[in-house]
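Asker: According to TrEMBL, the cyanocob(III)alamin binding site annotation covers 48-52, ASP90, ASN139, GLN184, 281-282, 298-300, LEU308, TRP330. Among the features that TrEMBL reports, disulfide bond is placed at CYS61-CYS101. Feature annotation from TrEMBL assigns domain 'Transcobalamin-like C-terminal' to 253-328.
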Amino acid sequence: QTGRLALYLLGLRATCPPPKPHRALVTWLKYYLEEDWTGSRRHGHPRTSYYQYGLGVLALCVHHKRVREEVIHRLLAAQHHGRLGHSTVDTEAVLALAFTCLERRRLVGAGLAAELRATVHRVSRSMAQAQGPEGIIGNIYSTPWALQVFLATGTCHTEPAYGRAMAALLENLDAFGTAATMAQVLPVLHGHSYLDIASMRCQEQSDTLTPLDMEPLTEVPGNKTVRLVVECAQPWCFELQLYNQWVSTPAATSLLDVLRAATAQEPHFTFDTQDTPQGPYLTQVLGLEARQEKRNYWQLLIGPSTPLLKGIADYIPKDGDTLILRLSEW
């Protein structure tokens, strides 16, 4: 629950509530972070992930709460030694925002503050260097996080990668269809990062929230057929390709619906997902689990080798597409 509670507290702080209702939730977040870090001592990483833990530290900082320096040093060590996981851009960005908040709110000593500041600028430079030819940094969902780092460090006016990334974001706004992904992209479109929540002057904020009338999505007629391929790129797999079948579904269905149709078509085909704020995350296919402690994950590709930039519930395959699920290492 660490990440979800952290996001909830960030959103709650942004709505300028009276102080009493959320004090208990901040206490719960501190408790969850301590429990999570117990797993780090045993396994070498938090029981959830560095991404969720970074969100927790950021939320506490935005609520003006201190974090033990031992924890901050361990986060710095994980960042320096590349132990953050396969969603590196997202995780590095969240930690960079948390580090910047701790330094600016003077919640750490001068020596540690200087180390945090230097680390954040290194992260900002590495994100600019990792930018792809289309302007995307990491993937389309990672790009708003990277832009928040540029905004938080004040490099958005001098870093050419910022303009290219913003242009790529504007071209792909239809990818942000869930509340969690919209919450990542909306501050950036208005020139803000999550750090700005900490300095909001709530008495000057007017209530501009109005309900939005959503028109129902029009159904796309007809069917489509896509090729579904499952591969295991691990040395312990007897063969690379474990599954290769055509699957027929209605034209408007997502990749998640394709997986469900494959299960109905062939009962031996199985998969499992985990709910995250960004939507369902693929964790198991054909009995093979992706596990953080084994440093592997299910990579999603459009054949032959194009990484998928959307989640399984958001991507709508085209007729004739080849969809590859590949168990890979990070």
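In case you wondered, yes, glycine gets a Cβ from its N, Cα and C as well.
Note: TrEMBL annotation is automatic and uncurated.
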Asker: Compute the C-alpha separation of TYR50 (cyanocob(III)alamin binding site) from CYS101 (disulfide bond), stating it in Å without decimals.
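Answerer: Distance (Cα to Cα, whole Å): 17 Å.
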Asker: What's the CA-CA gap between THR48 (cyanocob(III)alamin binding site) and CYS101 (disulfide bond) in angstrom, rounded?
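Answerer: Spelling it out, the Cα of THR48 (cyanocob(III)alamin binding site) and the Cα of CYS101 (disulfide bond) are 22 Å apart.
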Asker: Can you figure out which of GLN52, ASN139, TYR281, TRP298, LEU300 (the binding-site residues) comes closest in space to CYS61 (disulfide bond), comparing Cα atoms?
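Answerer: Closest recorded candidate to CYS61 (disulfide bond) by Cα: GLN52.
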Asker: Rank the binding-site residues GLN52, ASN139 by the number of other Cβ atoms within 10 Å of each Cβ, and give the residue at the low end.
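Answerer: Minimum Cβ neighbour count within 10 Å, taken over the binding-site residues GLN52, ASN139, occurs at ASN139.
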Asker: Kindly report the helix/strand/coil residue split of the domain 'Transcobalamin-like C-terminal' (253-328) according to DSSP, in that order.
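Answerer: Grouping H, G, I as helix and E, B as strand yields 14 helix, 31 strand, 31 coil.
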Asker: Determine the minimum-neighbour residue: among TYR50, TYR281, listed as binding-site residues, which Cβ has the fewest other Cβ atoms within 10 angstroms?
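Answerer: Result for the binding-site residues TYR50, TYR281: minimum number of other Cβ atoms within 10 Å at TYR281.
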Asker: Please list, in sequence order, the residues in the chain of LEU300 (cyanocob(III)alamin binding site) that are at least six apart in sequence and whose C-beta is under 8 Å away from its C-beta.
Answerer: LEU255, LEU282, PRO307, LEU308, ILE312, TYR315, LEU323, ILE324, LEU325, ARG326
Asker: Give the sequence-ordered list of residues that share a chain with CYS101 (disulfide bond), lie 6 or more positions from it, and have CB atoms under 8 Å from its CB.
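Answerer: Correct list: LEU58, CYS61, VAL62, LEU107, LEU195, ALA198.
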Asker: Validating a neighbour-count step here. Other CB atoms within 10 A of the CB of TRP298 (cyanocob(III)alamin binding site): how many?
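Answerer: Result for TRP298 (cyanocob(III)alamin binding site): 20 neighbouring Cβ atoms inside 10 Å.
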